[in-house]
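**Student:** Sequence annotations record features per position, and here TrEMBL assigns domain 'Peptidase M14' to 99-394. Sequence annotations record features per position, and here TrEMBL assigns active site, proton donor/acceptor to E360.
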Amino acid sequence: DKVIRVVPESERETQILRAAFNRLKVDLWQPSSPFHIVEGAVADVRVPRNTTRSLLPFLQQANIQYTILISDLQQAIENQTGGRSHRNRRSLSGYNYEVYHSLEEIEDWMHSLNRTYSDLVHMFSVGKSYEGRPLYVLKLGKRSRPYKKAVWIDCGIHAREWIGPAFCQWFVKEALQTYQADPDMRKMLTQLYFYIMPVFNVDGYHFSWTHDRFWRKTRSKNMRFHCHGVDANRNWKVKWCDEGASLHPCDDTYCGPFPESEPEVKAVAHFLRKHRKQIKAYLSFHAYAQMLLYPYSYKYATIPNFNCVESAAYNAVNALQSAYGIRYRYGPASSTLYVSSGSSMDWAYKNGIPYAFAFELRDTGHFGFLLPETLIKPTCTETMLAVKNITLHLLKKCH
């Protein structure tokens, strides 16, 4: 299998690519569906070995330029998660934040934190997944007063985006390790609660470790089509199944049979609705594209508190860049990335959470979903600066 990049240079090329990718049922890495392929924008595609033989000559015939990003995907997967034996699973002190962890390891880690840091961490479940797994959330913060504002952070809505859960774990580690020494962190944990969900799509994430590294959706069954899963970021009750989502159960952007059809989405939506007065920010972590996005996703329009959100995004992106010079684009999701309906970020915003952001973490396509473990630390370090920046912005009233 290979991953190739194509940038259509005309409307003709755009149409040819849309049709070809639809017909061949390739795995589009970016954008998320053939519908979003537009002139002048990159399309990254995973091409199975048996399709390579027909697709690449076809592109050459049509005079469409392409570059090969990853020439041997299996090798790249093996490189990404090399020596797996050095795992110290049980003790927190030996937990390695610079490798990717399986669902079991992440859950063990959460239980350990809950036992070790009982003054700052409270672990609970908001429900069960389709396959019956608990949906764990960590509540982080000093129990300093009965009512505190809160920030919600989730990672891993899309199973194959492993850098997301790695960041959620990193955030918790940083909060607990720097709480004493860093006045900003102390302020954050004293004045706010953080609800952190390291793996939103637990079934899909587990499946991406055991069966298909590039699985995106949940794992619910569709009886009629024998296809599994719904895109958990198209399943929310906000302009559900409109532009940028698919009605076909076999597609990667399938919106589901109805809004909140997925138990994972329903459980989180229920929790957020219940705490909407308390939760002031919603942050969701995805990959890849190096972007910081805010509403709306489903339409081209300016949000009412645009100035506050825009300045928070601008400052966050600058803080992020100060670490390693990595540039993030920022702006409304619809115009910065593409139009998509039924997203968690839009839903959070529509439900009264004034600061709603979606991060698209590293990189811009060289490794795509296979970001090497050596890049976990720099990616998380710079992202941490952005998240702290947004959080502190939240504590200073923005008018």
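From the backbone N, Cα and C atoms, a Cβ is placed for every residue, glycine too.
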**Student:** Under 8 Å Cβ-Cβ from the residue listed as 'active site, proton donor/acceptor', six or more apart in the same chain: what's there?
**Tutor:** H286, A287, Y288, A289, Q290, M291, L292, L293, L337
**Student:** Along the domain 'Peptidase M14' (99-394), what average pLDDT does this model show?
**Tutor:** 97
